[in-house]
Amino acid sequence: MAAPALSGDQIRETFLKFFEGKGHRRLPSASLIPEDPTVLLTIAGMLPFKPIFLGQQVAEVPRATTSQKCIRTNDIENVGRTARHHTFFEMLGNFSFGDYFKKEAIAFAWELVTEVFQVPAERLAVSVFEEDDEAFAIWRDQIGVPEARIQRLGAKDNFWASGPTGPCGPCSEIYYDFHPELGNDGLDLEDDSRFIEVYNLVFMQYNRDAAGNLTALEKQNIDTGMGLERMAQVLQGVPNNYETDLIFPIIQAVAAIAQRDYASESESVKVSLKVIGDHLRAVTHLIADGVTASNLGRGYVLRRLIRRVVRHGRLIGIDRPFTAEIAETAIALMAAQYPNLREREAAIKAELTREEQRFLETLERGEKLLAELLAAATDQIRGEDAFVLYDTYGFPLELTQEIAEEKGLTVDLAGFEAAMAAQRQRSQAAHETIDLTVQGSLDRLAEQIHPTEFVGYGDAVATAKVTALLREGQSVEAAEAGDRVQIVLDHTPFYAESGGQVGDRGVLTGESLIVRIEDVQKESGFFVHYGQIERGLLQVGDSVTAQIDRACRRRAQANHTATHLLQAALKLIVDEGISQAGSLVAFDRLRFDFNCPRAVTPEELRQIEDQINQWIAEAHGTVVEVMPIATAKAKGAVAMFGEKYGAEVRVIDVPGVSMELCGGTHVANTAEIGLFKIISEAGVASGVRRIEAVAGPAVLEYLNVRDAVVRDLSDRFKAKPEELSDRVTALQEELKANQKQLTALKAELAIAKSDALVSQAIPVGDAQVLVETLTGVDAAALQTAAERLQQKLGDAGAVVLGSSPEEGKVTLVAAFGPAIIAKGLKAGQFIGGIAKICGGGGGGRPNLAQAGGRDASKLPEAIAAALDQLKTAIAS
């Protein structure tokens with residue numbers, strides 16, 4: 001039986017539901033910005049669970065399943081050139097934390113692939129680690145896979161380790177066979193032309209010590225990964241991942257802008273279209289998760305991807321800004337699974353436009369130098385010059401080659417590579433003398449000074465010693481007024497950002513010294529105070545008075561305790577199974593993300609708000625205790641899944657209301673919160689909702705703003721506040737009636753115009769052809785006019801009408817009679833092709849179709865092309 005043609009969204013949902021049915025908790029995708037400071041981006045589905053696998057924290061559930069968005073750029077040059085390399089991909093995974101192991105994981109995987117996804121068993125082959133006889137036996141004896149379809153591979157391919165020491169274990173992979181007719185002789189699972197790996201099962205069963213010895217782990221874990229794009233390729237029967245419904249709509253949108261037909265293009269054009277389709281998925285998610293383009297870290301990854309998009313756009317003839325436009329397609333394609341894309345759409349488009357424009361200016365400068373080089377060259381551009389273009393101006397080598405070829409010249413690639421190698425050597429030599437970044441400097445300082453002691457739970461002011469001082473990430477001995485610095489103290493009352501709560505603000509003072517502290521972060525065990533010296537000189541070893549801004553701290557405390565009350569109210573009113581997925585506790589607001597498959601209703605939100613304000617009014621005392629984590633769990637304390645906890649934990653208890661593990665600062669009594677108000681509730685990812693709220697003085701500030709808006713509306717509508725709703729409803733009904741009347745008038749006008757146009761039809765053979773532009777007619781009226789004209793012209797009538805009802809927008813309509821359709825002309829296909837001239841597309845039925853475009857300046861060209869094409873097609 002052939003594999004069912006499931007959509008990418010259906011494959012994802014089927015996978016997650018399957019494992020929910022096997023006792024796994026569905027968890028949302030983590031951000032592309034990982035909590036692990038050693039990793040630049042989230043590169044695998046297991047990364048959010050790495051602390052659990054390494055034994056650094058205890059799992060809150062025994063089984064979990066996720067669809068994790070990931071980014072990898074290590075094979076970026078292969079993107080678009082192979083069937084399966086990507087920068088952005090989704091990794092479907094099922095995980096066991098000390099629960100089931102090899103036998104169950106293999107059985108689950110086989111059941112899912114063969115019974116649920118209905119992939120024929122004869123199309124599958126598996127690999128095991130060469131020494132893993134247990135897995136081999138399970139596949140052969142319990143699953144029934146023939147020995148000839150099981151291949152033993154070495155540690156390079158089939159043994160996972162987190163590092164030279166620590167948890168590790170063998171892997172087993174399921175491969176899809178595109179050519180089973182080739183048989184099993186000489187089976188080579190690494191043959192990419194025949195096999196594709198679709199499912200990887202990692203069995204974490206050993207601990208490796210410094211001597212390389214393996215000992216069995218007490219708790220064995222399972223980590224699996226199924227590439228969504230790869231499984232979509234298999235189930236949808238397409239030749240590569242790019243032609244699945246997960247990516248191809250983006251490629252089609254790019255092709256429309258470039259006026260290209262993907263199916264008939266050369267391989268080089270297809271590569272560029274695939275690169276753009278892939279990278280647009282990556283950059284939209286990176287920006288949505290808070291990354292901005294820069295020359296460092298994640299920002300550089302984003303900048304590089306955007307520039308590759310622009311470069312490949314130019315290679316296929318796109319000579320205008322287009323990334324923000326294509327982002328609309330990417331967002332529309334993925335927003336159902338990742339609602340934050342829609343919420344961040346404006347920011348995504350703005351960042352893309354800004355970075356694209358910056359790169360286009362860079363290219364423009366490079367093109368001027370290239371023009372000079374072309375004029376001076378006889379047969380070849382020197383490699384050193386091409387490298388200057390690349391290194392100094394950011395001008396891609398491929399673009400230099402393309403332009404040179406147009407002039408009949410070549411580029412000295414060997415010279416370019418030599419210049420590149422020399423630059424790498426210079427960079428490596430320079431790196432040895434460069435001062436370290438903040439993180440690197442602190443790692444070095446950790447060998448010399450003790451971690452910061454936090455005294456801020458009880459003290460708002462403390463005398464402390466400056467143990468380290470950094471300026472622009474470099475360790476210095478002193479800094480002066482005007483310098484922006486990072487300061488490490490031996491102990492501090494300043495809370496460092498963690499657990500969703502922002503870092504404290506305040507001042508450091510000394511003799512003739514004032515340092516304004518704007519933020520505090522925790523790095524390598526140190527509390528790093530970020531601020532600016534307003535007066536005086538600060539030196540390592542100085543004694544300073546550290547004082548937090550008490551007003552800011554009180555607001556943060558109120559918001560943090562209110563967040564705990566919010567989670568308790570959600571569990572009480574909506575669903576006991578709700579769990580925290582993230583939070584923000586700022587001075588002016590709070591945000592709480594939680595796992596929930598549906599929206600919280602307005603009535604539930606009202607009940608939640610009322611319940612929290614009731615708890616506030618009841619003036620519950622807050623009890624803070626430090627206890628063993630096992631004791632806390634036994635008492636029913638709520639922990640956030642995925643958060644790191646030590647053996648001893650801090651418990652915040654509002655007796656009878658809430659008990660949570662938390663390291664943040666809180667009010668001593670709920671009455672100190674004052675008031676609580678929900679601002680909004682929305683989805684941020686599949687199965688994840690977000691509530692934003694204010695507490696304490698911020699409620700009054702929020703209500704004052706709302707009150708000012710209501711007063712302004714009352715003045716505008718000359719109505720009392722309580723009458724505004726009725727007044728707006730009346731205006732909406734009036735507007736609706738006016739719009740209906742306007743539409744009718746436009747239709748009458750279009751019909752009147754169309755009646756006058758009948759005489760302008762021209763005979764082509766035995767057909768009557770009418771192609772015209774109507775001014776200011778909307779889509780509905782244009783369609784009515786086209787239908788009426790075609791009916792008047794008869795069965796052999798062909799009508800194409802165009803209009804630009806809004807600035808920059810184009811509407812096109814085609815109406816064909818039966819005799820025209822009999823000649824092989826179909827309105828949908830015809831008008832869709834014409835619309836490409838205006839940068840758009842569309843379609844419809846053979847007899848009537850509508851299309852749109854984005855470039856009104858091309859409307860005359862489109863109308864002329866429509867007439868020419870109709871004449872040619874009908875005459876032939």
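Cβ coordinates are placed from backbone N, Cα and C, and glycine is handled just like the others.
Counting every protein chain shown, the number of other Cβ atoms lying within 10 Å of the Cβ of HIS564 (Zn(2+) binding site) is 25. Per Swiss-Prot, the feature Zn(2+) binding site maps to HIS560, HIS564, CYS662, HIS666; the stated evidence is sequence analysis.
Taking the mean position of the Cβ atoms of HIS560, HIS564, CYS662, HIS666 as the Zn(2+) site, the remaining residues of that chain whose Cβ falls within 8 Å of it are GLN557, THR561, THR563, VAL585, ILE652, GLU660, GLY664, THR665. Secondary structure from DSSP puts CYS662 (Zn(2+) binding site) in coil. Non-local contacts of HIS560 (Zn(2+) binding site) by the CB criterion (under 8 A, 6+ apart in sequence, same chain) comprise GLN501, VAL585, LEU590, CYS662, GLY664, THR665, HIS666.
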